[in-house]
């Protein structure tokens, strides 16, 4: 028998976008129901993405630093790696965070249903639970926050062996002797950082010609130089053939000159992108429109073409970032409540948590812009090789680049590569949002010695030369 529920706000998807929308809706006094097909809230980010990957990246940095510190006069023996203990701690950490979400959900009186949701029409969703129970939910407003899933690749030469996606890679049950990573994006570079530190010989291949095509090419050069002893990055390269060879993968790799080389790998990680995850929703029943890339179309208030149906997070397209999704969740809840809110950020920070980290925000390159824009932008670089904290901590290969509008002196973008770049980029993002000028940043007293001084020094350079 179907159970009927009426609610003010129905949220489909319990990841960062969904639970942030649920919590904000509840705080505003709205009646909320959240649907999540998996047992736990948190989505890919908490359970199989952002959080477990940062734990493994933390461990990998400790291993890498223990080797590099030899140059400072200290040496360690090779680490003893206990994969069971590493995985056990990872699961415990995830469970603690899951329990925190459960606690918040109960305290905020949000009804949480585990099940798969399907639109029946614009005002009605049917939810089927794991046990076969069915809920018929009528809503005043619905927020779609079902996230994304990895793009999978099929090869006819594979019969029994399976390629890993990012979720498989983070299970971390074994360290392959030789590892191939397909895709040199954030996931690919982070997984290369982890597995190379734990002892794998890692090759990365990607069809693109530049490692960071939207950034100044000096950052690609710094990154490749900094990681050349850890893993190999092969750009403008494709797989010509892939098949099983005993217990390994036999891979023919073709470069841009059509030269083909045969390699054997113990494991392959695919990280060639993600796609929206709403195939089970039957959104056609609600007449929801998609864009040419297959993502849900929304306006600046995160409404679809059906005004009481909202979409947030990865389902509305790139950048596919948890922090962007969380912000969208809050905006959608406040719009439903009746507040005049819009999702129109001046800058969204992006971070690749590799070693070194690289982070960027706002406008990040003038290389591909027209001459009018190039002439209006001043690019200020400050190398870390003259930064006290960087020299004292072995981080002298870093670089801070800030982009300013010449006529006003306002900061419009920034890129940072080096230790803790992901922490440093937030000052730049705040400065862009507040409309700060180079003078504002230059007059801000930064603690000494810190890596964040590089932001002040890069601003000083604009002041000096302009």
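Including glycine, each Cβ sits where the backbone N, Cα and C put it.
Taken from TrEMBL, the feature domain 'FAD/NAD(P)-binding' applies to 8-329.
Taking Cβ-Cβ distances under 8 Å and a sequence separation of 6 or more, the neighbours of residue 50 (disulfide bond) in its chain are 44, 322. If you look up TrEMBL, you'll see 45-50 marked as disulfide bond.
Every protein chain shown contributes to the tally, and the Cβ of residue 314 (FAD binding site) ends up with 32 other Cβ atoms within 10 Å. A helical conformation is recorded for residue 314 (FAD binding site) in the three-state DSSP classification. Per TrEMBL, FAD binding site is recorded for 54, 146, 147, 148, 314, 320, 321, 322, 323.
Positions annotated as NAD(+) binding site by TrEMBL: 183, 184, 185, 186, 187, 188, 189, 190, 273. Using a 10 Å radius centred on the Cβ of residue 189 (NAD(+) binding site) and all shown protein chains, the other Cβ atoms total 25. Under DSSP, residue 189 (NAD(+) binding site) is assigned to a helix (H, G or I) in the three-state scheme.
For 348-455, the entry in TrEMBL reads domain 'Pyridine nucleotide-disulphide oxidoreductase dimerisation'.
Under the heading active site, proton acceptor, TrEMBL lists 448. Listed in sequence order, 388 are the same-chain residues at least 6 apart in sequence whose CB falls under 8 Å from the CB of residue 448 (active site, proton acceptor).
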Response to the item:
One should report the C-alpha separation between residue 183 (NAD(+) binding site) and residue 45 (disulfide bond), rounded to whole angstrom, as 19
Worksheet entry | Confidence summary (mean pLDDT) of the domain 'FAD/NAD(P)-binding' (8-329) | 96
Fill in: Residues 54, 146, 147, 148, 314, 320, 321, 322, 323 binding FAD per the record - widest CA separation, whole Å
22
Discussion item. Using only C-alpha positions, which one of 45, 185, 187 is spatially nearest residue 323 (FAD binding site)? These are the recorded positions in the record.
Written reply: 45
Practice prompt. Could you check which of the recorded positions (45, 185, 189, 273) sits closest to residue 321 (FAD binding site), going Cα to Cα?
Written response: 45
Worksheet item: What other residues of the same chain, not counting 183, 184, 185, 186, 187, 188, 189, 190, 273, have a CB atom within 8 A of the CB centroid of the NAD(+) site?
Response: 181, 191, 271, 352
Item to complete: Specify the count of other C-beta atoms within 10 Å of the C-beta of residue 321 (FAD binding site).
Response: 19
